[in-house]
Every structure is written in structure tokens, then in C-alpha cells.
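Pasting a structure here, questions to come.
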Amino acid sequence: MVRLREIPRTAALAWSPGSASPYIATGTRAGAVDADFSNETDLELWDLALEQEGGSAELQPAAKLSTESGFHDLAWTESEDSSRGIIAGALENGSLDLWNADKLLSGASDPLVSRASQHSGPVKTLQFNPRHSNLLATGGSKGELFISDLNNIDHPFRLGNVNARLDDIECLDWNKKVPHILVTGSSAGFVTVWDVKTKKESLTLNNLGRKAVSAVAWDPEKPTKLITSIPLETDPLILVWDLRNSNAPERVLRGHESGVLSLSWCAQDPDLLLSSGKDNRTICWNPQTGVQYGEFPVVTNWTFLTRWNPHNPNMFATASFDGRISIQTIQNTKSDAIAQAGASQVQPVDDEDFFAKAQSQPQASTFSLPTAPKWLQRPSSVSFGFGGRVISVGLTDPSKPASRTSKVRITRFEVDSILSSTTQTFEEALKAGDLRRICETRIENAQNDSDRVDWKIIETLISDNPKMQLINYLGFSSEVDETADSLSKLGLGKSEDGGANGVPESDSRGPGVKKHKRLSSIFDTHADSDNFLTDLSASKGAKTNNPFQIYTGSESEADRGITRALLLGDFEKALDICLQEDRMSDAFMVAICGGQKCIDKAQEAYFQKQLEGPNYLRLMAAIVGKNLWDIVHNAGLANWKEAIATICTFATDAEFPDLCETLGDRLEEQAKAEGDKESRKNAAFCFLASSKLEKVVGIWIDELQENENKAIQEATNGETSFSIHVRALQNLIEKVTVFRHVTKFEDAETQKPSDWKLTLLYDKYIEYADVAAAHGQLGVAERYLDLLPQAHPAAVVARNRIKLATEKTTARSAPAHISAASHLTTKPPQQPNVPRGMYNPSAPMTQANNLFKPPAPMQVSNPYAPTGASSAYSPAGYQPSQQHQPTVPLGGPPQAFGTAQQSNIAPPPRAANQSPSTVTSYTQATNLPAWNDLPEGFAKALTPRRGTPSAAAATISSPFPHQQPPQPSQSPQTISPHQPPPPRQRTSMAVPPPPRGPAPPRMTSPPAVGQPHGFPSTRKTSLNFKCIYPTTQHTPTGPGMNVPQIPRGPSPYNAPPTGPPPSNRYAPSPAAQPSAPQPPRAAVAAPPPTGPPAPAPAQSPYSYQHPPPAHGSYAPPSAPTGARPDHQPQHQPPPPGSSPVSRPGTAQSQRKPAPAAKYPPGDRSHIPANAQPIFEILSADMQRVKARAPTSFKAQVNDAERRLNILFDHLNNEDLLKPATVESMAELARALQARDYETAQSIHLDIFTNRNDECGNWMVGVKRLIGMSRATP
């Protein structure tokens, strides 16, 4: 609830019609006096300028016009003649004036449309018909009620008899559903319903004994319901009427402390009603249930007018006699934390002075609407959730929209079910490692040639010899066979059938090699030709019939040089001579004899000589010279397949990828330059063969876009552009994934911060992860996101989303039960320092180590445990005099089997069925309420609290009888379990009052009751305890007794408890309740024992030892066996008629499941008539307290309100409270309304004391409300 703008005027107001930027028209209020006592009366228009952020809160008028008289009321309606509409003013001089808003804003000299003077006195009220904007109703003095038509403004007609009534008509309102029905309210208390069509009176209501009517308003949706208000200080009421039963109001709304002056019922939400009045307050109600939602900031003078904005109900305006018109919103714009922080900065020094806080702290919004306004509510809504979920909200029963009960559904959503199945199948195949099957499936289902080729190439890479498979894929093995066949047709073979032995020549020379037939026929003329070389084989004494001469004399010089070089073994020189003489055949023969160096020299010379020769020689040169780069860089791209085949055949494994990549780069450049898609596809082949993922991905992404556009153009009715895109993306991701698996690709750039080669692929991975997550496949999405670099910004966000969505909520580990410990332990107990308490011992005391002591219980997390070492019984921030507070070591627990003690202070006996006692205290958190009383500091105490309370205070010394105390520092004197604190006169010096500071923490629950010595229990104590008074006392097993709790000093907000405290799930079991507080009893000091105490009588460790019958309600029991009666402390026996208390069972055994409530919490529509005053009065007073309470006490006030709501729920369900209690609570509410706090307090005490079984957590809220109401001005 934020104040948006302020208009510094005391004026009547009207909102502009239409949905344009809102304006407000103001007219100087008749009878109001400004601070400067000016007599000027003006009509002004104000532009709120809400679109300007941080604009000035106080506005300046956009138009201004002086008038002859002051205004009682203003109305603004739409008009065909004016875009901004017509403004009507009800003037004190009896004139009805109409102005053109457009002319006013433009500054025209004649904005007045008309002026009528039919009224004989002041015009008190007017309103345009909501259905027929040309009809205007005006009411004034002497019962004058006129209906005017703007089209004929000079001839209105009057409703009612002239002499019937002479009272003034103060207010009127047109019915929102039936346009010819009008209601008026008069100063004489008549509420009259008129039928304008028949010009007759239809119905008259008696307004609560004819009390004056200040405002009337029709229900926006129900034509028979209306609301009236009373302006009297004695009866500041709002009456809700249903005309179907007009004898009495249907509901009375009480909340204003003084007369109600104005009402405004929200047209967009009938559950919202504004009222303002003489108590300077503007209150928001639910008129359907009577619930007061809260009030807006209180001003310093009467709020005489409030109006909702007719088109934007988030805003409303309120006019008051302090000279301000406030434009506010019902939307909160500041969090509670900010508001609390702001309040803490202005908190007064004195926390006890409530009035100082109330005056110094700014009044802020004190409520929030429990449900969203109707214009923000939706009967159904839906939202997509991350992870393929759709959250939808719809009415449980659409046939009953008024029920407003909704159901939330979370369902799975898939944009494309085919995609989900495809992804699942693909992921399963990947896990199985069956890549070949994936490739075969994708080849069969390929939608275009490019995809088919890509998958075939990837399939070839899976084989054992990928190079040979690439050659086969290119078709070169069949071409070799075709060439051999064409050579055989030329007759170059020896025979058609075979060689000399009938075996095909190709078989004898190897597969695929055939003998040249023509050469064979040339050398077949000599029979010995085949055996020539055999005959020349080296053998000793070999002699043939073919002698020769090394020199014949006819040789050329070159022949002689070659011969001489051969004789000397100088093959290189012989080769040089052969090359010089261009004897290439001889050169090669010599080179063969000379070794590899000569061969290389001969080959080089040959290729140099054959530069202009056939192309195969260039190819041979590259192969022989191992310079395949010449083919890659210089071979024509039209023969890229031949180049790839050559590379596959002759390239080494090390240079193969680079050679293919270079050839692919040339093809890609050609594709970009010429726009040739075939070259791009060939480039993709080369990149795939070279396993260059970063190169082929760019081509695949381009193809993806092209294929997607083509598929969209050819799409059928059942396909959407998104599903087509997702399938194309799925195909891309599958190809990349399989390719990475086949090539064992490792991304070396995952640790780089930027400039990644695979940026395009990373973007697709992110997109695919989003699609997979949207289909509920979070694991798949996470796997692909893990492939991205760690520093990728989009990947970081996507990973976090996946992580949050897949993160399993770890169940909180339950507190471990304390297992039963062994009876024997040799570990001495730890003895920490005792926190300083209220009782000051004179000397430190210790306790002997107990060999039978059970181990200390495990430290279990306790949200109510105190922080630090503060005592649960001493207020925070208070430390008594240092000389009275020596540090005392904490003794061990009580002995289990009668072992001697050094201390004369023993703990109280523990029953056999009780758990080990634990002490909890109020936590330091400020958002948790106290357990039983008003917080200190809420109101100023009538008497200051003292560290040592008065002995005359009749308080209960210990509200938790069967518990072990939290072991504070104690006096050497033994203190009776029911002994009050020592009186002031016994102290050696006065204890100073505590310093000012925050309110002390209080215990949220009493400690658990005791357990038999040596037997720690694993069972939880019952939570159904309702009474803190002891019911029975059993014989203690030792001389120990309880330490009393420190009672509070007298305070109007923290009075001493005069009756049993409220029902509390941490309180002991209920029993017979005393009718009055117990008086303090004198303590009997027991001297320290001279020896080991006598052992307790044999008894079951799990049974009670009941006391003997008592002679009176306060008679002490007989002395216990084995104890000294002279020093036995006095205990209270059970009251007459009470039976011994059975052991409290576990929470599971005693606590019955609460029956289901008949109606949901917060429902107030079923509160019976006899309980309705309780609800109305307590709610109204609670809202009054909330409005004036300082912000620093927001938590305590909210807790009281929460507890009151528990009471209202019980009343609505008609459970827990009996009829007599309901009647008593009604009397309490009436006393509270009359400010009779003493009577309210006594009724509260009576219910608390005598009907405690009907008191739940709600009773504390009633008690707090009484105290707060008394402290609130």
C-alpha cells in the first residue's frame, strides 16, 4: 500500500472516465477552511502522470477554473461531444453546473456547458447512471431528488412527493445491474429505493432506528444487496442489507471508532469495500464476510471521501480535512525486510515507551490482502515448466465457478513425440556401441542425397581399412578392371586361354596383371629367347657359343666411356653419360645397377625431359617423388575423386588428414565463390575423410538451414516449423555424435576462455540441450552440455538450470534417538561453567563424579534452543551485581544408585516413564512469538520491573513441577520445589534494575519432564499436555527439589499469571485445576547429609510412587521412606477428587489425529449468529491495534492475529467451544468494545481457569489483544 501522489487540496473529487491516463477533478469542499482562510472556490483538473517514475508526489493542477460556490460532490462521465467527457458539480448555492473537460484542459474561455438551478437549497450529492451516461441523479436539501437528461438539462423530473419528507438527501447510488433502480440515504435515517422508470418509491429501509445515513453503495454484482453507513460517533457502523429481507441488516461491520462518512464498493471485485470516517481512517473490508482486511495510513483529520478508480482498481483516492487528497495503491512495493529495516532506523531510544514510538514512527501499511483481487484472478491458467512439464490450474468443478476451489496439475508435454522416441532410440544405440547399425538406419531413412552421402562416408570410417573403403566407395576398383579389359581387347595378351601350361597369365603373374600379347609375339620368333638369361647365369667355366668383344674399335666415344665406367664400377658416371646421350633406357638399366641414388637421378632426369608429356607422368612424378602436395594443390578440382584415390593409396597415415583437408578447403572455396552446392558436398567428403570436425560442421549447419527451409515449404498439415527444425537439429546432432565416436575426436579447446573453433557446434549443442530438456530428457541435455567449454557463458546458465532440475532434495536426517547407555562408565562428566542466573550462591559447589551416570545426550538441533550460555530464566541483557555472581561449575547429573553427593542440592525426582529433561528457551529469532504473554516493551509498564521481584507477588513458583531445572547457580540453602523466590529483604544488597535493552527471550515451551535415574529414554514425551499445575506428587528418590522460576514484575502487558496458562502442546498433562492461584508456601531448608543418603525403597524403575491420601487440598504428604521428615520439603497433594495420574504415553500413543475441519481455514461464512459479535468485534479491534502498533512489534501483533484466526476457525466449524463459552466470549467482546478492560480480563480469567479444556492456542491471542487494546490510544 503505497502513496503514489498527493494533491494539496481539501476538496471533493472525481476520477476521469475511460482507460486513458487518469485525471482527477477536484472542487473546493463547501464549508472547509484553508490554512490561509481563503474564500476562493475552484474546479481543478490534475494529471497524475503515473508513467513518470520518481515523479513529485505533490502535483500541480493541469487546469483551473474559479467557481461561484463550494462543492459538495463531483461526478465525471463520458460524452460523445468531448473525448475527456463532462464534469458535473453539486454546488452549495444549489446550482448544478456542467463543464467540458476538453475545454478545461485546453484553457478555452467557455468550458461551462450548462447551469441548472432546480434545487432550492444546496445540492448534496449527484451521480451519473453507469449504463446511460446521459442520466444524472441529484439530491439535496428538503428531500429534493431530480433526474436530469444531459440532452435536455433544463427539464429534469423530480422523484417523490414534495411534501412527503423535508430531510436532506445526503447520498445516492444507481444500481449496477438494474439501470432504472436508484437508492438514496437521508439525514433522517431513511434509505429509499426508487424505480426511476415508474417514478415511484419501491422500498424504504429503517437505518438502525432511523439513524442518519452518510453513504450508500450497491453491490456491483448482486442487484438486491446494498450497504449503508452511519456518521454518528456513538454508532460508527456499516450495515449490509439484502432487500429480500429488509427488516434487519444482513451484517454489521464494526471497525471505525467514530462516524463513517464515505463508502466505495469496488466495481471489479465485490469483495473489496473502502470506508472512511471521522476517526481519520480508511479501512478496507470484505463486505461479503465482514472481514476487515486492514486499514491504510492514518491521517490527522477526518477522511470524508474515498473513491476507487473506475478503470484501474489498483488505485484509489482519499480526501481528508487535513488538506490532502492521497492517491494510493493496494499493491505493496516494498518488502517486509526493507520496511523492518526502515522502522529500526527510526526506533526511539526507550523501547518501553509505546506512545513515543506511535508518534515518532511513520504509519505504514499494516495488511496484505489474503487473496488476490478478482481482476487478477484467473479461473484457469497454464505455464510451461522446465523439464518438459506443464503446470495448469483450473477449477475443481467448472460447473460451479463460484466455489473458487482450484486444482493444480503437473503433466508431461512433448512438442514432437516422434523426436522423443528418436532421441531415446539413438541414445540406447550409442550406449550399446552399435554405430554401424545407426549408420545403416540413417542411410535408409535419409531425406536427401547429402545426408545419405554423409552417413555412407561415416560408415566407411568404421571399417578396418577406411582408405580402401573410400577408394571402393569412389568406384576406382571397377575402373581398373575396365581398363584391363580394354587392353585385353587390343590383343596385347599372349593367348586368350592361358600360358604355355594352360594357366592364365594373370594367375602366374599375380591377380589383375595380364601379359601384353603384342610384345609376346615379337619375342617369340626365337626358340631360345626364353632361356637366354638362364644360359647366362654365373657358373665357373661357363662357356657359350656366343663370344663377344668388350671393344670392337667401332664404338663411339660415349660407348667407350660407358664401358670404361662400368668396368670400374662407376655406375654414376655411366649414368651421366647415358643421360647426356639421351639414352633413357640404358640410363635406367645402369641406374638399377647403381642403386637408389642413381635410380632417383634417372627418374628426375626423365621427368624433367617429359614435362610436356602425358599427364600420367606428372602423377607418376608426384607418386615417385612422394610429393602428393603437388596433386592436392595443383590437380584440377574436376578430378577431386582421382586425387582422393591417389591420397588414399600413397599417402602416409601422418599426412593423410592434412592432404584431405587441403583438398577440401579448395573445394569449399570453389563452392563459396561459385555457389556450387556439389562442390560443398565434395568438400564435406574430404573433411569427413580427414576427420576434421571443425570444418565439416560448418557445412552441415548450412545444409541444415537449407533442408529445413525446403521441408517447411513442402510441409503437410500435420507438421509445424518447430517440429521440422527440431528433427533437422536431431539429425545434425546424431551425425556429429557418431562422427566423434568413430574418429575418437577429442576437443582440445574446452579449457580455452574464448575463440573456439567449434563455436557454431557449441551453439547447436545448447539449442539441442534446451529442446531435450523441454521434452523431459534432462540427462541427455546434461550430457551434451558437458561437451561445451567450461567458460562458455550460455553453457554455464544451461548447466545450472539442468543441475537444479535434476538435483534431488536430500531428506533432512531425523534427530538421532538417544540410545540407552550402559550403566557403567569411567569417563568423568564435563563440568562447564554455569551461566549466571538470578540466584547468587555464596560459594562454588561441585558434584562427585558418577560412575553410573549415563552419557550425555547427543546434541540435537533445536530451533528453540538459546544461543550462547544465557539462562532460560533470566532476561537477556540483565546481569546482577558481580559480587553476587560467582561462577559455579556445573555438577553432574543425579546419582542413579544412591552414590554420595558433595552438594546438598539434589534435582527433583524423575518418574519412571519420563524422558530426560531438556531445557529449551525462546530463540533469538525475532519472527517467533513468545509462548504465553505480551512482549515486554509493547506498552509502557505501569511499574518498573526489578531484578528481584516482590515477595508479595502471588505467582506460581514453578510451572513445570516434574522437570529437572536447567541447573542455574543456586544458593547453598536447599530450596523447596514450590518455594517462591527469596524476598528482597533477605538479600545483602539491592539488585539494580536491568538496563534498557531488547525484551528478554521467553521459553517457547516448558522443559520435558524427568526420567528415572540411570535410564535415559528413547521415547518422545507427549505433546498433549494442557496444564502446568502439578496433579500428583510422588515420593522423591533423593533430597532434591525444583528451583522455582523467576516471576515477572507487575506490568499492564505482563501481569503475573492469575490462572493456569493456555493449552500448550509442551505443557504437562491436564488434571483437576485449582480455581485460584496457589499462595506461596514457606521453604524448609534441609541441612546437607552427613553421609550417603539412604537408598530408596525397592520399586519398579518404571512405576510411580503415589503419595498417601491427603487430609486437605493443601495438606502435605507423609514423610517418604528413608528420609528425614524434619527437613522434608512440603509438596502439594492432588486436589480432592482427583485420581492419580497415569504415566503419559508417547506422542504416538496419546496424541489422536485431529479430525478434519468441516470448513477450510480462513472461511468465516459459517460462523453462527450468536458467535458473530465475537468475530466482528475482535477483528475490528485487532485491526485498530495493528494500525497503531509500532513496526518493531509487528511480529507480536501478527502472532496475536494468527491466534485469533484460530479462534475464528473454531467458531466457523462450531467445534472446541461449548455454547456457554461462546456466550462468555461474546460478553468479553462487548466489554472490549466498550473499553471495559477489567470486565474483559475477568471473563478471560474465568474461562481460562474453569474451562481450560476449551482453551487452545487462541486464548493467548485474546489475552494479548486485551493488553494491546488497553495500551493503544
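Positions of Cβ are set from backbone N, Cα and C atoms, glycine also.
Remember, it's a predicted structure, so these values are computed and weren't measured experimentally.
So Swiss-Prot lists these for the protein:
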type: REPEAT; residues: 5-47; note: repeat 'WD 1'
type: REPEAT; residues: 164-204; note: repeat 'WD 4'
type: REPEAT; residues: 208-251; note: repeat 'WD 5'
type: REGION; residues: 489-515; note: region 'Disordered'
type: REGION; residues: 808-921; note: region 'Disordered'
type: REGION; residues: 940-1168; note: region 'Disordered'
type: COMPBIAS; residues: 951-961; note: compositional bias 'Low complexity'
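Quick one: where do these features end up spatially?
Long-range contacts of the repeat 'WD 1' (5-47) within its own chain (CB-CB distance under 8 A, at least 6 residues past either end) are made by residues 55, 57-78, 84-85, 87, 89-92, 99, 101, 104-105, 122, 304-305, 307, 309-312, 315, 317, 319-327.
Residue counts for the repeat 'WD 4' (164-204) under DSSP (helix as H, G, I; strand as E, B; rest coil) come to 0 helix, 23 strand, 18 coil.
Beyond the repeat 'WD 5' (208-251), the same-chain residues lying 6 or more positions past its ends with a Cβ under 8 Å from any Cβ of the stretch are 170-178, 181, 183-191, 193, 257-268, 270, 273, 275, 277-279, 285, 287, 290, 1172.
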What are the DSSP helix, strand and coil residue counts for the repeat 'WD 1' (5-47)?
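Going through the repeat 'WD 1' (5-47) residue by residue, I get 0 helix, 21 strand, 22 coil.
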Summarise the repeat 'WD 5' (208-251) by DSSP state, stating how many residues are helix, strand and coil.
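Counting residues per DSSP class in the repeat 'WD 5' (208-251), I get 3 helix, 16 strand, 25 coil.
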